[in-house]
Every structure is written in structure tokens, then in C-alpha cells.
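*Asks:* Sharing a structure here in C-alpha cells format.
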């Protein structure tokens, strides 16, 4: 067999710093039996194979595929919605405490939800109505009864015996329940930074609760264990409501879900109608206006902005943002009611803010 060595041009990929085609030697042998040449390529060295596999090509497509993918940040409209929600809900704790001497828990909840349902109904005029499935109706009904109905009644009852700061602290274990429930039931998972941020923020809430609780125990009529139980029930119903609201918002408009929730909650509180009429006949104008405010701002406005934000981000991450509510409540309770927060409450507020920041951090 006669072997002839020829140089055949064979362009290869630009590995490392090589910028032009290379020529590889190919052995051509004349097959004695068949009379025509056959080509046999030499085996490529192992190092060359390794380089060709591990070295990226300079093409734009491969560069794009290898570029790190970062999760998009929140839209400005979502951030505004979160801020409005947090401020409005913080104000609700203060207003409820101010009007509590003139309204029973159930009557105040009915008044608040009636005003909220009327305002949301006006907003829904001319809006497109999305047809709902049986499953979506079930989710919205549970959402309305749990969060709009039961939550408002138990929150009002809690603030009859607890100060605003302590109530806000207890209720704000709700986001912990939301994050855990969303990870288990909604498939959102529990990212490391969400868990860390939730834990840190919860420590801050506990510090605020200890501070305000110690102050409350020094005043007659406050610090009742029954009030703590009502606040805990409010936190549980709050979490149940969010976990039912989130899947309903996958297809349904936020305004529609919020309006139906307010109507269902008002219907659930309708047994307190007689007590509401009695309380309205005796309540001062300021307390009546306070009840109207609760229906207009913390209910109609804040629940709408919450629903919008919830439709744009995971329930667990959104729930953690409400950890700043106790901090705001403590500050404004000092401004309006003369309650001076202790150093422990201030430290707890700072820890809450740190926890919220950690929960929003994304892995790189």
C-alpha cells in the first residue's frame, strides 16, 4: 500500500487566539482491491477535543445564551401600589383604635365593608366583567369571608383591648403564614433570601411587640389575653384570604375580585346590621367619618392596590412588605395618641426594614 501525504485546507473554529484556518495533514491510501483512494482522518488529540468543547465560539447567539439571566425588577406602578397599601393599612390600625369606643367589632366591620363595596361598585361601572368558573367562585367566596369578613371583625375586637402597636405586631405574623402557605400550596417555593428576610423581619416584629406590650400592661384595660387571641385569629384569616386570592387573580381582573370580596364580606357581616344602626345613632360625627374612611381608603383603595401588586409578584414576597406596618403604626401612634415608643420598638422597626430588604434580594 502506498501512502501519499497531502495538505488539505480545513477551516476550523477559532480556538483561543488562532484567527485563521489551519491545515491538517490527511493520509490517503490507495486501496489495492477496489482501485480507488479512501480517506482516513487522524484521530484528534484529546486536548484539541477538550478545547473545542469547552471554548465558546464568538458568535452572538452563543454569547447571549451564556449571559447571566437576571430577574426583572418591579415596575414603578407595582412599587407605588405597595407603598399605598402599606400606608393605608397602617392608618387603619390607628383609626380603628380611635373609633373602637363607639362601635362594636362586628358593626364597624359591616360599616367599613358597606362603604368599600359601594365605592368599588361605582368603580366597576362600565368595566368588563370576566365570567368566572365554579373553582374561581369558591376561591373568591373563601377570600371574601375570610379576609374581608372574619379578619375585620376579629381585628376590631382585638383593638378593643390591645393598643395599635401590639395588634399590628400580632397580625403581622400573617406574612410568615402567607410565605409558608404560598411555598406549599401555590408552588412558589421558599427561596433562601425570602426565608432569611422573613425570619429577620419577624424578629423585628417581636421586638416591637415586646416593647408595646410592656407599655400596654402598665395601662388599665390593655394587654388582655383575649385581645391577643383575636389578633392571632385575624392573622390566620388574613393568610387564608391571600392564599385564596392569589390563584383567583391568575385570570380574573383585580378590581373584580376585590369588589366581590367586599360584597361577600359585607353579606357575611350582615347579622351585625342591628348593632350598626344602634351604634350609628350614638356615635359622634368624628367616629362616623372614621368608619367611612376605613371603607374608602384601607378597604376600597388599599385592597385594590394590593390585588394589583399581588397579580404582578409572588404572594410570599408581597406579604413580607407589610412587615413595615407595625413600625409606621408605632410612629403615628406617638404622633396622634401620645404613645412614646421605647428604644426596643425603634430597634424592632429598623430590624423589620432590614428583613424586608433581605427578602427582596435575588441570588446572583
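Cβ from N, Cα, C; glycine included.
Sharing the record's features from TrEMBL:
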type	residues	note
DOMAIN	78-209	domain 'EamA'
TRANSMEM	78-100	transmembrane segment
TRANSMEM	106-125	transmembrane segment
TRANSMEM	137-158	transmembrane segment
TRANSMEM	164-186	transmembrane segment
TRANSMEM	193-214	transmembrane segment
DOMAIN	226-359	domain 'EamA'
TRANSMEM	226-245	transmembrane segment
TRANSMEM	257-276	transmembrane segment
TRANSMEM	288-308	transmembrane segment
TRANSMEM	320-337	transmembrane segment
TRANSMEM	343-359	transmembrane segment
*Asks:* Using Cβ atoms and a strict cutoff of less than 8 Å, what residues sit near the transmembrane segment (106-125) while being 6 or more residues removed from its termini?
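*Replies:* For the transmembrane segment (106-125), the nonlocal Cβ contacts are 96, 99-100, 148-149, 152-153, 156, 255-256, 258-259, 262-263, 265-266, 269-273, 275-276, 278-280, 291-292, 294-296, 298-300, 303-304.
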*Asks:* Take the transmembrane segment (343-359) and find every residue of the same chain, 6 or more past its ends, with a Cβ under 8 Å from one of its Cβ atoms.
*Replies:* 165, 193-194, 196-212, 317, 320-321, 323-324, 326-327, 330-331
*Asks:* Cβ under 8 Å, sequence separation of at least 6 from the ends of the transmembrane segment (226-245): give me the contacting residues as numbers and ranges.
*Replies:* 139-140, 142-143, 146-148, 150-151, 154-155, 157-162, 166-167, 170-175, 177-178, 181-182, 185-186, 257, 261, 307, 310, 315, 319
*Asks:* Counting only residues 6 or more past its boundaries, what in the same chain has a CB within less than 8 Å of a CB in the transmembrane segment (288-308)?
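*Replies:* 77-78, 80-82, 84-85, 88-89, 91-92, 95-96, 98-99, 103, 108, 111-116, 118-120, 123, 148, 245, 249, 254-255, 257-258, 261-262, 280, 318.
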*Asks:* For a three-state summary based on DSSP, what are the helix, strand and coil counts in the domain 'EamA' (78-209)?
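*Replies:* So the domain 'EamA' (78-209) is made up of 108 helix, 0 strand, 24 coil.
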*Asks:* Taking DSSP states H, G and I as helix and E and B as strand, how many residues of the domain 'EamA' (226-359) are helix, strand and coil?
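*Replies:* The breakdown for the domain 'EamA' (226-359) reads 117 helix, 0 strand, 17 coil.
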*Asks:* Please compute the mean pLDDT of the model over the domain 'EamA' (226-359).
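*Replies:* Mean per-residue confidence for the domain 'EamA' (226-359): 89 out of 100.
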